[in-house]
Amino acid sequence: ELVSCVGWTTADELYSCSDDHQIMKWNLLTSETTGVVKLPDDIYPIDLHWFPRSTGGKKQSHAESFVLTSSDGKFHLISKSGRVEKSVEAHCGAVLAGRWNYEGTALVTVGEDGQVKIWSKSGMLRSTLAQQGTPVYSAAWGPDSEKVLYTSGKHLIIKPLQPNAKVLQWKAHDGLILKTDWNSVNDLILSAGEDCKYKVWDSYGRLLYSSQPHEYPITSVAWAVDGELFAVGSFHTLRLCDKTGWSYALEKPNTGSIFNIAWSIDGTQLAGACGNGHVIFAHVVEQRWEWKDFEITLIKRRTMEVHNVINDAVDLLEFRDRVIKASLNYGHLVVSTSLQCYVFSTKNWNTPLIFDLKEGTVSLILQAERHFLLVGGGGLYLYSYEGRLISSPKFPGMRTDILNAQTVSLSNDTLAVRDKADEKVIYIFEALSGKPLGDGKPLTHKTEIVEIALDQKGLTSERKIAFIDKNRDLYITSVKRFGKEQKIVKIGTMVQTLAWNDASNILCGIQDTRFTVWYYPNTVYVDKDLLPKTLYEKDASEFSKNPQIVSFVGNQVTIRRADGSLIHLNISPYPAILHEYVSSSKWEDAVRLCRFVKDQTMWACLAAMAVANKDMATAEIAYASIGEIDKVQYINSIKDLPSKESRMAHILLFSGNTQEAETLLLQTGLVYQAIQVNINLYNWDRALELAVKHKTHVDTVLAYRQKFLEDFGKKETNKRFLQYAEGVSIPQN
């Protein structure tokens, strides 16, 4: 008889239920199949979902019980051993789906009677969320377990649990929608329809991908846990797709229709419930990693092939257990299997460093030059490439199962994590100690943040973080915050994707229809008007819509188009060389390089770099070369100032840091200069306040103010100035 539903208990054990009333258990390690229990003859199972494993912070090694929905309008809570703990009358007609939320605190069931009901953990009815005239075929919880997505004919509906909240509804297919799934990591939604298409949506109901029509209706779709892949099942068809929609692989197994797909917990394999009574198992292989001269392919579940493209050398890496996650960057390959972590140096493939993983499955590996981060098993673990645990940062309400490469970023000294509870907040940690950075307050933005990235090079004190918010604006800000509110500066709009270079602080991104490289993003803190001159822009229409930057190594950018093809772009090598010269204070070499390249962009970068490093002689040459004569004159006037402090203050003024310049002047006792700075900027109130506070030059301030008013033919209206003007008579000249 047809198999209707499947579900994994551990990474190697699967339960399946079929119309012959049998619940079977499959052990993949020993390839044994055993019957667990035979259900009563009137129970025809339809859907099965295991109770979530990580409840209340405690992670059990395997699931203990599951919910089974059946055609007689009931759902059954069944223990692992097959004992039916409870049967609950739920719907009129069949119960078409039953799903636990992520915490295991609530269950949603949907049925042929068009009702969507929420139940407690023990099976008590909490509420009827929705009622409609057509059967509801599928339902899924939102990532925060506060919303439910369900089907309604050709429409998808997202309804929050709280009453009177806004309901989102949209027409998704031209035929009945049979299955839907919502991933908690990437917040994307899948739908499968009788119109023979599958589609990917964001949580606002915007279409991100629509497949070509297949020959038969799509009967199942399912996200892998980490949200990077999904699987699609149809008649004699099983497809593996990337989260952006394009297809990695198409298999044509002899299965009948695949009614249900379940991914294993570690995301390496899936099982399908087939219409012809089979259960199909599929393993994900042939993932590829590339870095500089190396291509690495997972050829079997426990074997990797390393190909050096320069000398065509091939190495095989064998692992004891199956490979779950891997990352290749910064001269190291880090591989996590189900029980161990392997660290290879690209210089020597024979002797990996191996250590045991105590915390269970790794869901994400991130690398920086000096260390790498493992995410999973309820925590963040930072290791050196020698395999030593450096730190394990924590923050309140941390949920590691929903972190991905867009919401975590690592550099040599800093780790940043975008929070899920409040998406406007980024937690920033010192990598070596695992403690929050600076004053311990997280970075807060005014809107939700969707992607974050730390720069990789330079001094710790100048570490920058770039992030894209949900309006697709790109911002940059300094990570270090010493009490003063650091400026968060917007440097791009409509940015789809971004990446920092691995070897110098150059940022690239795709904004709207242009591929943009910010050769020196720090410019915004030095001389904001100069930023447009430090950019490289190129038409990006060849990348089609929704491209993603995969990597930015050396001067090569790798971009993946929406159809899955890779495009490699080369950018000018000169800005990186310029960064190198400046970081080692070789100013003459830097000037020589710019003269050789004869490029305005390079001169603009050099000008900003020189001002940032307070090298005014170089700045003068660079500004002159891009024709910014006013700035050259100002720099010249700074050179003639008598004291080092006042020169410093004017360099700060040049970059627009008036507050810091004034503080510096006051600290060194140059009160008159501090007052003069404010007069020049027409900060009249501040100038008078300083003069009164330091009991000096009050008359000067009043004289300047009077001249200013006379020039514009205005009368004095400021009460403070009137009050002091009576006390001080200003000599008429």
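The backbone N, Cα and C atoms fix where each Cβ goes, glycine too.
Per TrEMBL, repeat 'WD' is recorded for 88-120 (among others). The list of residues near the repeat 'WD' (88-120) in space but at least 6 beyond its ends in sequence, with Cβ under 8 angstroms from a Cβ of it, reads 46-47, 49-52, 55-56, 67-77, 126-141, 143, 145, 148, 150, 159, 161, 184.
For 170-202 (among others), the entry in TrEMBL reads repeat 'WD'. Mean pLDDT for the repeat 'WD' (170-202) in the predicted structure: 96.
Here TrEMBL flags 286-574 as domain 'IFT80 second beta-propeller'.
Counting residues per DSSP class in helix, strand and coil order gives 96 helix, 0 strand, 33 coil for the domain 'IFT80/172/WDR35 TPR' (602-730). The domain 'IFT80/172/WDR35 TPR' annotation in TrEMBL covers 602-730.
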